[in-house]
Amino acid sequence: MGNCCSGSAKCANASTPLESKVTTTTRSSTSTTMSGSNNDKDPDDGVRSSSNKLDEGSTTTPASLRSLKSFSMSDLRAATKNFGSNSYLGEGGFGCVYKGWIDEATLAPTKAGVGRMVAIKKLKKESFQGHKEWLAEVTYLGQLHHPNLVKLVGYCSDSDHNKLLVYDYMLRGSLENHLFLRRATQPLTWPTRVAVAADVARGMAFLHAQGVIFRDLKSSNVLLDAGYRARLSDFGLARSGPTGDRSHVSTRVVGTRGYAAPEYVATGHLSVKSDVYSFGVVLLELMTGRRALDGSSVTLVEWARPRLGDRRKVIISRIMDTRLGGQYSKKQAQEMAALALRCLHNDPKNRPAMEEDVLPQLEQLVQHNNNKFSSCSSSSMSSSTPPPVHVHTPSSSSSEQRRRHYNKSSRG
Ligand SMILES: Nc1ncnc2c1ncn2[C@@H]1O[C@H](COP(=O)(O)OP(=O)(O)OP(=O)(O)O)[C@@H](O)[C@H]1O
Ligand SMILES: [Mg+2]
């Protein structure tokens, strides 16, 4: 038998709209998932849409499934050594994730070490909400393809109500692990952090251009490939944005505490600017190496805002991740801090747009770092240090390691 998913689940609780907003602490670590209700909640939240570029109409067999491989449960058992503990990668709100192997051409299961590596997410069976999120994931990822979105290879949905998702394997695991599982990885360098921020912004800009709101942007949903290129994962809570002149859609409150925009939590009014707020939180995490929520009563945003509020008084080194060892451009850090503050503006109208505003700014920083790196390496070969080699340890190392780190952190 493989691992059983014993941790608390986002989906189990999220399926029950609550009387008052908020909720359910779902895991021992950072992710506290919210599920609330508001007066004009959307019963088909996430999957249904009236008019959109995407095919979201059907709740049974969306057209998106046609572009994906349909795996049987026995295929996936074979690909993961029966979901054995050696294949276990981690656990999220919807279930456990396992490493597996499939043939490059036929996508049939292969022996470990042969063919293409995949990550297989196995949804907890008992959850109705999990089914909706599974469907949202195949609906969106079956149709949306972009270098900064995780690639969905296929799915399994059988008569025994097994629901699984098969993704391209992302060798370096989640950004969350790199930032917060301190003993497991070497710290990400400053240029890598800037590049990751730009990749995430590119993925978000693409989604917004398609009329899609991601709704669960956080560092655990940013996955890194072998070259530290970032892709967004987890589209279970994604939904269509407003159409026409409307500024927002009204919806149930779901997402993750510490990342969700305040107006969305308060009113259920969701817009692309809700994603921009969450992006601001991820920027702060990249800069500070601190979690959006660390168990203290103060969120990262509440901690950082007064420290960044008045540019004249900001001593940027006071907020920066000590794991950077001072190896960052102060000017870039100031720029990133100013951008984060704009993203975190309380009024969504005053937050910048991903495509027109956030992305160009970050791409400029990346460009600058690349130019610097290439001029350094052409003038002195010895200065061209390769990026550090990070080992992707199972994230669920997780509960134990995360809990330990969690206890240590403070918002001093
Ligand atoms: N495509 C993938 N490649 C490699 N590892 C992955 C992949 N997808 C998920 N993982 C690993 O599995 C872990 C659990 O992922 P999952 O998305 O289920 O949970 P989460 O993001 O931590 O929480 P949530 O359910 O709130 O999104 C991740 O942290 C990551 O380490
Ligand atoms: Mg996730």
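Each Cβ is built from the backbone N, Cα and C atoms, and glycine gets one as well.
Model, not experiment: these values are computed from the prediction.
For Lys122 (ATP binding site), the count of additional Cβ atoms within 10 Å of its Cβ stands at 23 [all protein chains shown]. DSSP assigns Lys122 (ATP binding site) to a strand in the three-state reduction. Residues annotated as ATP binding site in TrEMBL: Lys122.
TrEMBL lists 13-22 (among others) with the feature compositional bias 'Polar residues'.
The feature compositional bias 'Low complexity' is assigned by TrEMBL to 23-37 (among others).
Annotation comment: TrEMBL describes 48-62 (among others) as compositional bias 'Polar residues'.
Residues or ranges marked as compositional bias 'Low complexity' by TrEMBL: 374-399 (among others).
Look at TrEMBL and you will find 402-412 tagged as compositional bias 'Basic residues'.
Summarising the annotation, TrEMBL assigns domain 'Protein kinase' to 83-366.
As annotated by TrEMBL, region 'Disordered' applies to 1-62 (among others).
Here TrEMBL flags 371-412 (among others) as region 'Disordered'.
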Segment-level pLDDT (mean, integer) for the domain 'Protein kinase' (83-366): 93
